[in-house]
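Remarks on the structure that follows.
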Amino acid sequence: LSPQAQQRCEGCDSLFGEYYCDICHLFDRDKKQYHCGECGICRIGPKEDFFHCSKCNLCLSLSLRGKHKCIENVSRQDCPICLEDIHTSRVGAHVLPCGHLLHRTCYDEMLKEGYRCPLCMHSALDMTRYWRQLDNEVAQTPMPTEYQNMMVEILCNDCNARSTVQFHLLGMKCQNCESYNTAQDGRCRLPLEEQ
C-alpha cells in the first residue's frame, strides 16, 4: 500500500499542519481556512465571513452579498493591474462598482494614480464630492473668448450617456448623471446660431 496524504504521520503521529485539506492536500498554519467546493480550492476565512457567488464564481465578503454587480466568471480573469491570477491568489479581491475585480493591493496602488477602472473607465469610487468641487472650479474659470461658445459631444464613462455640452478645459459634465468622468466624442463645433 502506498502512503496517503493526511494531517498526521502514521508512524510518529507528528502534526504536519494545523490546517489540512483532504481534497487539496494542503498543509498550513491555521488561518481559519476552509475549502470551497464551488471554487475548487481552499480559501483563507473564516468561512462564516464569506459566501460563494455562483455567477462571479468566487468567494466574496458577506458585506458584498446583494451589493455587487455580477460579471460571469470574473474571477477567472487576471488582475488588469499586475496581470496575475485573481481566482487562486492569496491576496483578497476588491470588487469595483462596475463589477470588475482587482487584487486589494493593486486597487490601493491604482488609487494613488487615478480613480477609474482600468478595464471600462467607470469611476471606482463615489466621486460626487469631487464633482461638486469641479463644478465650482469650472464656474470660477472662464474660457478664452474664442472657446466660450464651443460645444462638444461627450460620452460619459459612468452612465454611458452621450450629450452635447459646452467645452471647458477643466472638464465637461455629463448632462445625465452629472459626472465629469467623460471623454470627448467628436469634434468641437460652434452653436448653430454662430455658424
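Glycine too: its Cβ is placed from the backbone N, Cα and C atoms.
Per TrEMBL, the features are as follows:
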DOMAIN    16-78  domain 'CTCHY-type'
DOMAIN    79-120  domain 'RING-type'
Composition by DSSP (helix, strand, coil) of residues within the domain 'CTCHY-type' (16-78): 9 helix, 21 strand, 33 coil
Mind tallying the domain 'RING-type' (79-120) by DSSP state, helix then strand then coil? 10 helix, 8 strand, 24 coil
